[in-house]
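Trainee: According to TrEMBL, the protein has these features:
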BINDING   B:C49, B:C52, B:H53  heme c 1 binding site
BINDING   B:C196, B:C199, B:H200  heme c 2 binding site
BINDING   B:C337, B:C340, B:H341  heme c 3 binding site
DOMAIN    B:35-138  domain 'Cytochrome c'
DOMAIN    B:181-290  domain 'Cytochrome c'
DOMAIN    B:324-417  domain 'Cytochrome c'
SIGNAL    B:1-20  signal peptide
Amino acid sequence: MSSEQTLSADVVIVGSGVAGSSIANELARAGISVIVLEAGPRVDRQHFVENFRNLENKPSYQGPFPAVPWARHPPNQMTPNEYLHTTGPDAEAYQQVYLRMMGGTTWHWAGCAWRYLPSDFELRSRYGQGRDWALKYDDLEPFYYQAEVMMGVCGPDPAKEDLGSPRKQPYPMDALPISYAAQQFRKLISEKTPLRVVHEPQARNTRPYDNRPTCEGHNNCMPICPIGAMYNGSYSVYHAEAAGAQFVPNAVVYKIERDDANKRVTAVHYFDPDKGSHRVTGKYFVIAAHCIETAKLLLVSADDKSPDGVANSSGHVGRNMMDHTGVQVTFISGDEALWPGRGPLETNVIDNFRDGDWRSERGAYLVHMVDDNQVDLATSLAISKGYVGKELEEQIRYLASHTVRLFSHNEGLADPENRLTLSKTYKDILGIPHPEVYYKLPEYTVKSCDHTRGLFKDLIGLMHGRDEQWTPGYFPQDHPAGSTIMGVDPKDSVVDGECRTHDHENLFIASSSVFSSVGTGNITLTVAALALRVADTLKKELTHA
Amino acid sequence: MPDTVRKVFVSLLVAGTVLAGVPSRSKAADTPDAALIERGGYLATAADCVACHTKPGGKPFAGGLKIATPMGDIVSTNITPDPEHGIGAYTEEDFEKSVRHGIRKDGSYLYPAMPYVSYSGLTDGDVKALYAWFMHAVKPVAETPPQTSLSFPASVRTAMAGWNMLANHNQAETGDSASFDKMRRGRYLANALEHCGTCHTPRNFILSEKQDQYLGGGPLDGWYAPNITSSKTSGIGDWSEDDLVRYLQTGAVSGRSQAAGPMAEAVEHSTSHLTDADLHAIAAYILQVSPYDEDTAHKPRDSFGEATVQPDIRRGDLTRIDDVTAFKGGAVYGANCAACHGDDGAGARNKYVPSLFANSVVGASRPDNLIMTVLYGVHRTVGKTEAFMPGFDGGSDVQRLSDGEVADVVNYVMAQYGSGNPHVTADQVKTFHKK
Amino acid sequence: MAAERYSFPVDVHHSSPNGMRMNRMLRMSRRDVLLAGMGAAVVSVTAHAAEPPEASAPGVADAAQFLTLSLRLTDRETLSPAIGNALYARIVQAVPERKEQISRLHALLQQKHFESAQALAKAAEQADPVFKNVIHDIMTGWYRGVAAQKVVVYRSALMFDITKDAVYPKTYATGGPFYWTSKPPEVPLPTGEPGLSPSKFVVEPT
């Protein structure tokens with residue numbers, strides 16, 4: 001440990017992703033002093049665009065983001081990989097990836113901006129499964145809208161297409177016009193099945209918004225939108241900085257210091273890349289460091305006062321790990337050419353299985369028809385089949401225009417046995433242990449996946465598909481949740497309905513780690529809404545103090 | 001080339017200084033007929049009063065637009081009919097004096113930022129209509145924008161009287177402007193209302209428009225209002241009347257030019273709202289303006305370049321996320337521009353994104369407008385069509401380029417698709433940053 | 001498959017981005033085996049992979065042979081010599097044996113008139129099974145723009161040239177907003193035969 005120098009602010013935030021930066025922006029605009037500590041570096045878009053083009057394995061959305069050694073992130077979804085170690089019967093189903101750098105993981109999301117359904121917050125009381133949240137949909141509704149305005153979300157008119165999450169305001173932008181492939185899929189589903197395909201709400205510009213351009217369909221939302229038409233956390237970083245928030249990059253927080261009574265957090269300590277240690281004091285602290293890293297930090301901060309980790313009197317820090325474990329199939333359609341890959345990646349969803357009485361038995365799910373350019377895959381496949389010359393070119397055109405990919409988000413369930421711990425084997429260059437997760441898929445999720453497979457088989461039949469290839473097993477959707485679970489009872493939960501830790505009155509958590517259930521929609525909008533609600537609470541407390 | 005002198009001209013473009021006088025009961029008592037008011041509204045649009053007399057996000061005509069000039073900030077005034085804060089106390093005569101002669105109600109002279117040199121050409125009837133519209137159709141706003149405070153000698157308003165005597169004035173037109181024939185109507189609209197020359201005519205040493213170089217091009221606030229005379233080498237002598245009408249209507253003519261900066265605003269607020277007949281009249285008039293041939297230009301600025309594609313041969317190496325080393329030359333283009341303007345510079349197939357060849361900004365002999373476009377982007381809304389390109393300056397959310405990267409990409413684009421490498425340096429780019 | 005490659009060093013204290021890239025080359029795992037096919041032959045990765053292409057700049061004559069072969073194997077009249085040179089340099093630098101193999105394949109091409117890529121490929125695989133890998137390298141180079149696991153060209157890869165009436169290479173979409181709502185071209189079911197025996201197809205992990 002080297003020189004101790006002290007920074008100080010009203011609010012100290014750990015993590016600069018969508019949660020941390022949006023809180024910083026709100027507070028700074030209210031005149032509150034804010035310091036945001038980000039483990040990773042400052043970055044810029046143009047290098048990621050070129051990295052993507054230079055990347056041989058194009059589908060690897062973690063690929064264009066080679067990590068810095070002092071703040072590593074998983075290099076890919078392999079088991080094992082070099083950073084996030086998973087164990088247990090379904091270890092491979094929990095191989096999440098995320099990004100540690102300024103702006104966070106939304107640098108490579110697909111912009112899907114779902115609100116949760118009211119029932120998602122009441123899973124236990126409605127269906128006798130999992131847990132209830134310590135808040136209701138209506139508590140979050142105004143913050144959902146605030147998050148939609150902040151990100152710039154486009155979506156359908158509720159009068160024409162009700163997505164099941166009641167709205168007081170229309171979407172900030174009109175729904176995205178969908179691709180020809182999606183139009184045909186939509187038509188097929190509505191004509192031949194009792195199901196429906198809806199417009200996916202997306203944090204993507206359908207008109208110039210917030211000084212960023214309209215989406216031009218580069219089909220590269222993941223890993224990197226080349227033009228900034230899709231929201232990512234870096235915009236909130238820029239806005240917060242313009243409002244006076246201070247961001248410190250390459251600041252790896254490793255300790256959360258509390259007062260003698262262990263009731264209030266007094267400081268956080270971080271390492272710079274050379275392992276120089278720095279102390280940052282404040283009145284309030286927010287950990288907004290992604291589900292995995294947030295739990296890791298609380299556990300790493302264990303000391304005599306809190307031998308099991310900070311905010312962990314319940315023993316639930318790191319437990320209840322959830323995800324939208326998915327099923328995926330790729331096949332060759334026997335119908336007309338669809339040419340997937342024209343427009344944004346994920347724009348349309350079958351939403352019929354997001355909720356229903358059957359949720360007392362099996363998990364909910366939603367289905368994406370992925371609008372992903374298949375030319376590279378088609379070329380590799382056609383070459384492997386032995387084609388050359390003219391015949392190769394014909395094959396590429398046919399496969400690229402007829403490949404269909406479906407995947408699902410299947411609902412996980414809070415189970416304390418699914419648990420994140422600190423690796424006893426692996427440490428990073430700063431001496432901080434790597435995270436390790438034990439994972440066994442809940443039966444609830446397995447049943448949901450079985451149901452999805454049945455649906456996919458029917459859909460393949462409807463599209464006269466052939467050469468169907470199922471991605472073996474279950475795969476992670478990078479929507480980890482639950483590691484600092486929310487609840488009313490401090491004995492079995494980590495935070496309360498305000499996302500304040502039960503144990504420490506000035507410590508908040510803004511992350512999917514507080515989710516009590518994981519629903520089916522992508523988690524980011526709910527993370528942002530919860531974060532903005534934390535900002536609201538902090539503003540009230542700091543301006544009244 | 002960027003030069004500092006151009007900053008002076010800013011003052012001439014932007015802000016009027018019509019100040020409210022002592023409130024009195026002189027406001028026209030009778031409401032004029034609706035046709036007169038409507039006509040006044042159309043004329044106010046054609047004169048683009050709103051452009052200067054409204055600040056970004058502010059209430060229409062309440063003033064407050066502030067532009068930094070070497071002499072200090074010029075702040076446009078409230079010209080709503082509020083008697084305290086606006087021009088509600090102006091009689092029609094007061095109004096006429098300020099609009100046509102640059103003399104405000106209290107007798108002092110306006111800064112020539114207010115283009116009264118142009119408006120002096122208005123007919124009596126049209127002044128009357130404008131007055132009627134401002135008094136009866138504009139919503140009064142009770143706000144006083146900050147005072148203009150310029151440095152000496154411009155701070156002395158009486159100095160403006162001398163300027164006023166020296167400056168060229170339009171002769172007031174007579175008769176009913178609605179009944180003018182096409183060419184006379186065009187000249188009237190271009191000069192007395194749209195005041196094209198305010199930006200497009202270069203200034204002499206006392207900042208008066210050089211009439212022998214009428215519409216020959218002039219700098220303003222970083223941008224350069226180009227030569228729009230009928231010169232075949234330096235102007236728009238190769239444009240058809242329909243081309244120019246389309247440009248004024250939409251701000252974009254594919255293969256020729258796209259409006260950005262102040263011209264985008266002029267199209268948004270003014271020319272896109274004019275009738276087809278008036279636009280044809282303006283276009284016909286402009287296209288017959290005597291050619292002014294510049295020494296530096298040898299062919300029309302929209303005639304340079306073609307689609308060019310080089311294979312993107314790569315080393316296939318990736319950089320670590322903390323490597324934000326500046327890109328060089330064409331690599332800046334590849335990483336930031338090619339996504340929309342294409343690897344070949346051809347833009348979007350539907351022309352939503354313009355081509356970089358056959359593009360007046362890239363083919364111009366001066367890099368000013370390209371530098372400004374890269375730094376601040378394009379935002380132009382005409383009807384339901386919103387043209388947008390993000391800026392890449394230090395406030396960009398999309399990508400913040402260094403001055404060196406901006407210089408490199410400007411040099412690359414002009415060398416590849418335009419009039420040749422202008423050898424812009426990072427230091428020169430720095431002079432274009434908004435204060 | 002490829003479980004034997006699972007021995008990459010997990011030295012967590014000294015892993016560099018380069019190390020990560022090397023590790024990625026040695027990847028493969030169960031769930032990434034998608035569209036798994038028939039037979040088995042995956043281009044091997046060698047330890048030379050990380051060296052810069054300049055290390056073994058090829059002779060002009062060799063590159064010309066490579067281009068002649070490429071024209072036949074793509075059934076095309078013209079190809080970019082600049083891309084050809086870059087692909088050849090990368091291929092022989094990563095797998096030095098390819099130099100001699102390409103030369104021999106070129107000699108085979110000179111022996112008689114092959115009227116199609118397919119005819120040459122069939123004859124080549126019959127003459128020497130290693131030619132199948134050589135031809136895979138050439139096809140992968142021109143169509144995917146990739147040689148020995150490295151991107152040599154991206155947007156200039158032929159796979160984008162032959163699909164440009166329908167889709168754009170990712171990050172180069174120039175149709176303007178919402179171009180994607182229009183109907184793309186129909187594509188008939190191909191009837192042509194492959195020139196080579198099939199191989200196992202491996203999709204890399206994400």
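Note: Cβ is positioned from N, Cα and C throughout, glycine not excepted.
Just so you know, TrEMBL annotations are computer predictions that nobody has curated.
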Trainee: Work out how many Å separate B:C52 (heme c 1 binding site) and B:C199 (heme c 2 binding site) at their Cα atoms, rounded off.
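Mentor: One finds 13 Å between the Cα atoms of these residues.
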Trainee: On a count of neighbouring CB atoms within 10 A, which of the binding-site residues B:C49, B:C196, B:C340 is highest?
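Mentor: Counting every other Cβ within 10 Å of each candidate, the maximum falls on B:C49.
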Trainee: Could you say whether, by DSSP, B:C337 (heme c 3 binding site) belongs to a helix, a strand or a coil region?
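Mentor: In three-state terms, B:C337 (heme c 3 binding site) counts as coil.
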Trainee: Under DSSP, the domain 'Cytochrome c' (B:181-290) has how many residues in helix, strand and coil?
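Mentor: With helix first, then strand, then coil, the domain 'Cytochrome c' (B:181-290) has 54 helix, 12 strand, 44 coil.
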Trainee: Taking just the CA atoms, what is the gap between B:C199 (heme c 2 binding site) and B:C340 (heme c 3 binding site) in Å?
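Mentor: Pair distance, Cα basis, whole Å: 31 Å.
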Trainee: Test of understanding: give the count of other CB atoms lying within 10 angstroms of the CB of B:C52 (heme c 1 binding site).
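Mentor: A count of 23.
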Trainee: Could you check the binding-site residues B:C52, B:C199, B:H200, B:C337, B:C340, B:H341 and tell me which sit with their Cβ under 8 Å of a chain A Cβ?
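Mentor: Among the binding-site residues B:C52, B:C199, B:H200, B:C337, B:C340, B:H341, the ones whose Cβ sits under 8 Å from a Cβ of chain A are B:C340.
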Trainee: For B:H53, B:H200, B:H341, listed as binding-site residues, tell me which one has the smallest number of other Cβ atoms within 10 Å.
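Mentor: Least crowded of the binding-site residues B:H53, B:H200, B:H341, by Cβ count within 10 Å, is B:H341.
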Trainee: Taking every protein chain shown into account, which of the binding-site residues B:C199, B:C337 has the largest tally of Cβ atoms within 10 Å of its Cβ?
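Mentor: Of B:C199, B:C337, the one with the most crowded Cβ is B:C199.
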Trainee: Give the distance between the Cα atoms of B:C340 (heme c 3 binding site) and B:C196 (heme c 2 binding site), rounded to the nearest whole Å.
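Mentor: That comes out at 32 Å between the alpha carbons.
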Trainee: May I ask for the distance between B:C196 (heme c 2 binding site) and B:H341 (heme c 3 binding site), taken between their Cα atoms and rounded to an integer number of Å?
Mentor: 30
Trainee: Compute the C-alpha separation of B:H200 (heme c 2 binding site) from B:H53 (heme c 1 binding site), stating it in Å without decimals.
Mentor: 20
Trainee: Using Cα coordinates, what distance in whole Å links B:C337 (heme c 3 binding site) and B:H53 (heme c 1 binding site)?
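Mentor: One finds 35 Å between the Cα atoms of these residues.
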Trainee: Between B:H341 (heme c 3 binding site) and B:H53 (heme c 1 binding site), how many Å separate their Cα atoms?
Mentor: 35
Trainee: When DSSP states are grouped into helix, strand and coil, how many residues of the domain 'Cytochrome c' (B:35-138) land in each?
Mentor: 44 helix, 12 strand, 48 coil
Trainee: Can you filter B:C49, B:C52, B:H53, B:C199, B:C337 (the binding-site residues) down to those whose Cβ is less than 8 Å from some Cβ in chain C?
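Mentor: Sorted by position along the sequence, the hits amount to none.
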